[in-house]
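Enquirer: The structure follows.
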């Protein structure tokens, strides 16, 4: 079979793409071969004669609503066999069910006054039977694929209209009884509100129950595979109820409008569940202040194991939710806790994270999803050897049960694709015709969702009410609460593991930074072997933890410092107080002062027994031979800038000291380190200074930041990935 482009055919109100399909219908021996007694299928090509048949396939490309509805009846005759499914899955983007039903029944389905070509010209009983069969075929497909279109409480006007049509034109048919049953089903069911789709709604709590922070012991009592199975059970129940047209870009992109607060409830429910899992992970790790480092690390390990069980169950929704939670800023920054996580589990975590790498438009997760969409079990061949043994053992247990598994996708991937398609392709083409080629492209994504929904019927999971009730009871931390608890946990960890000797070493390292040596040291740095400045040598740790301020992370990162009285007591008065409330040490004769926006690594020892002037104070104490760099002011070839990450956690900024020698790669690397990101990825980011709400300054690759920046506006920068 071969295909050839046949161009376009234009009719009144419609444009068709034409394809010529050439099919071989017969192969016979030529005259000489027949004389020799040969058979066609046993002879070489040069001794055979082939006969072909060419047929024309017409696929509507664009048209009016009337033409698109009429094409429902003629699509099979034009050999466009997928048209009905495509139309039913996407028509809500340009028409309502009532408009389509009225056109289908009143204009094209009225057997007495129909303007349908066959009936108008032949007016025969045979043509009426053909039309009746076409109408029945379309209605049957509509009820099979999109019965939710007829859920219009409390009147159910479309269903009643359809039922009336069937009574008049197809009395006592199977179709009529089917519509009657559907109407009774809708009328008997309680009208489902938006929260009705979500199994994690707090309204589902039993009377008297209240939301609570997770008890680590209670959470630890649930086995890993039980948690994964119950999360999968909840995800399956919600995903199977997703109405595919709710995912269309033209519909989902309108969800934030005030009048659309109830739009696409089935999609909102899956997103609510995804967020509930993410917040549950964070609250179990951070919700209990009294946890020790090792206990917190054990909870992280448990969630990684649960994520791995979700991978075995092919539940990519909860898998991604758990990974996203572990990669969130409040969890990712727990350096000391992560150091207590075992190497094997970290390796497992890295493998699971790689599934959702954003490389090449999430190609890895897309390929994996389509590969396992209809497979009976997960494919874990790519796992490392140590993890593969455990994975295969768990997988074999699943196989021994003889129960097939479905696949639960991360719905966000499909939503993104459909929004991109809606943005890129026009709704209407020349002449005001509906662009149906756009709908064909959208259906390619919708068809994948439907395929995965069908596969979810293979799951055989039983709800565990004990876990589900525990899951619903969890009080979720806000972003501000989780960040504050994260800082408290890390500060407590630093206090527990730092000895006084190592603290003095940290002050020495801070002093080195102050004197101009720009050093950024990862947590695992070896002991620093250099002459002490205001303290003895010893192990060096991350200086950012010396006096981490317990501020709300959405506020500024200002640090207020009290002058230090002597090198022997380097950490005597380092406080996290507002600028106005700072007071000098009693041994100092200088007036009260402070520094706005100094990051913690710039807290210096009393090398010169001086003080730091407040910004715009207008005076500098004579006892201070040197002025420290401050935010929003360039002085003596240095200054402090604030750098936030675009998209990831833009409300959290880091203060960075730059000099007149620093270029873009140096500053970018420092900013990545401060935000706990890989410093090797410098080439993937660009540094931008915010000039105003609608203006920004983008720096060339090797620019000098100090001389290139605009010094007349705030020194606020954004680090973002290059497009």
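Using the three backbone atoms N, Cα and C, a Cβ is placed for every residue, glycine included.
Below are the features I grabbed from TrEMBL:
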type: DOMAIN; residues: 56-187; note: domain 'N-terminal Ras-GEF'
type: DOMAIN; residues: 223-492; note: domain 'Ras-GEF'
type: REGION; residues: 523-590; note: region 'Disordered'
type: COMPBIAS; residues: 538-551; note: compositional bias 'Polar residues'
type: COMPBIAS; residues: 575-590; note: compositional bias 'Low complexity'
type: DOMAIN; residues: 637-723; note: domain 'Ras-associating'
Enquirer: Please list, for the domain 'N-terminal Ras-GEF' (56-187), how many residues fall into helix, strand and coil according to DSSP.
Expert: 90 helix, 8 strand, 34 coil
Enquirer: For the domain 'Ras-associating' (637-723), what does DSSP give as the number of helix, strand and coil residues?
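Expert: DSSP composition of the domain 'Ras-associating' (637-723): 21 helix, 36 strand, 30 coil.
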Enquirer: Quick one: average pLDDT across the domain 'Ras-associating' (637-723), no decimals.
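Expert: Over the domain 'Ras-associating' (637-723), the predicted model scores a mean pLDDT of 85.
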